[in-house]
Amino acid sequence: MRTKLSTCNVWFPLLVLLVWNPARLVLANIQEDEAKNNITIFTRILDRLLDGYDNRLRPGLGDSITEVFTNIYVTSFGPVSDTDMEYTIDVFFRQKWKDERLKFKGPMNILRLNNSMASKIWTPDTFFHNGKKSVAHNMTMPNKLLRIQDDGTLLYTMRLTVQAECPMHLEDFPMDAHSCPLKFGSYAYTTSEVTYIWTYNPSDSVQVAPDGSRLNQYDLLGQSIGKETIKSSTGEYTVMTAHFHLKRKIGYFVIQTYLPCIMTVILSQVSFWLNRESVPARTVFGVTTVLTMTTLSISARNSLPKVAYATAMDWFIAVCYAFVFSALIEFATVNYFTKRGWAWDGKSVVNDKKKEKGSVMIQNNAYAVAVANYAPNLSKDPVLSTISKSATTPEPNKKPENKPAEAKKTFNSVSKIDRMSRIVFPVLFGTFNLVYWATYLNREPVLGVSP
């Protein structure tokens, strides 16, 4: 018995291997045959779909309007150019429509195809109305996707990079907000032939990737969608519009423009505290601050398009320029009255000297006339001549000469204009800043959105 059991234990695994290996080979062959059959079925379905198919004709020609459902997924938004008034956007652009000619029956419900099939069927002639430049990505192969359902519904997706126009109104710059549109529609088909419809609700038809913002100077507040019809000489066309709402960040401009302007105005007001006789110092303050404001105003305009109206920053710079220039005019006024005071002291001293010289000359002339009149009589009368000699011998007592008063080098007191300016200028400039920032920072952004 033991011998028989050991013999069975040896032969049983061999029998299992002999039976399993052929079965496994048969299953593999069956699966391979099924794969070949599927490939053959796919090929036959595609050949049958394209047999007699004319991609020059739209679906439902002569019977119904072709409805194209669209949605957009934004992978990258930005940058935005203020000078060119344009922005760059990278999207997955998706379109879905139904073509009865592409219905099929088979073991699968969806045919997943690449871009080679897209060139053999009809696709919408969609273009971007406000696009300056559009690029379809082709590395390493054209980035296109095509799916055909058994009921003839097609999904066509492509990756695009679009440079589009973004009209900007810069009256509130740099506290401004903008709505950049992306408009697209059919180039050749009117509303009676092809119409566009958003696939989902407004919040889902246009989506932006969480890390898709490429903006340094803006915040992307959100997006909205719309639809409109435009008329032209060739008919009416459907235009789909997606608006991207942007709010400018003010931090860069505060550091680069606003703070330097404020510091320049404060520096110009330091001259009110200098002595009004310090002409060189106050002149340097005034001229330097005026030139600095001129440079700041020029540099602030370099980052903006050449618009014909004044922006909020222009108004701020203009007021700062007015304060700086007024400080220079204030010094000129103070200096003018200071010069008149010094000139008056000098004239009074000169006039006193002239009066003293005139009185001395008058006394000398009177004495000379008296001597000339009595000279002949003295020579005839010996008594008078003796008296005259005795009278002329002693020298008259000289009166001590009064030294002319020297010009007093007095220092002018603080000008009343300077005293007033020390209070008026800072108060006015502070009030202006309060009104300016309260007005623009609390203003709701106005976004121009077309219907």
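Cβ from N, Cα, C; glycine included.
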Swiss-Prot annotation: GLU86 and ASP418 on one membrane face: no
ASN114, ASN377 - the residue Swiss-Prot records as N-linked glycosylation site: ASN114
Among CYS180, CYS261, cysteine joined to CYS166 by disulfide in Swiss-Prot: CYS180
Candidate ranges 141-160, 281-300 [criterion: Swiss-Prot lists as transmembrane segment]: 281-300
Per-residue Cβ crowding (10 Å cut-off), top of recorded positions ASN114, ASN138, THR157: THR157
Cα-nearest neighbour of ARG94 (4-aminobutanoate binding site) within the listed recorded positions, ASN114, ASN138, CYS166, CYS180: ASN114
Remote residues contacting the transmembrane segment (281-300) - C-beta distance under 8 A, at least 6 residues beyond either end: 256-257, 260-261, 264-265, 267-268, 270-271, 274, 313-314, 317-318, 320-321, 324-325, 327-328, 331, 335
Largest tally of Cβ atoms lying within 10 Å of a Cβ, found at which of the disulfide-bonded residues CYS166, CYS180: CYS180
From recorded positions THR157, CYS166, CYS180, the one whose Cα lies nearest ASN138 (N-linked glycosylation site): THR157
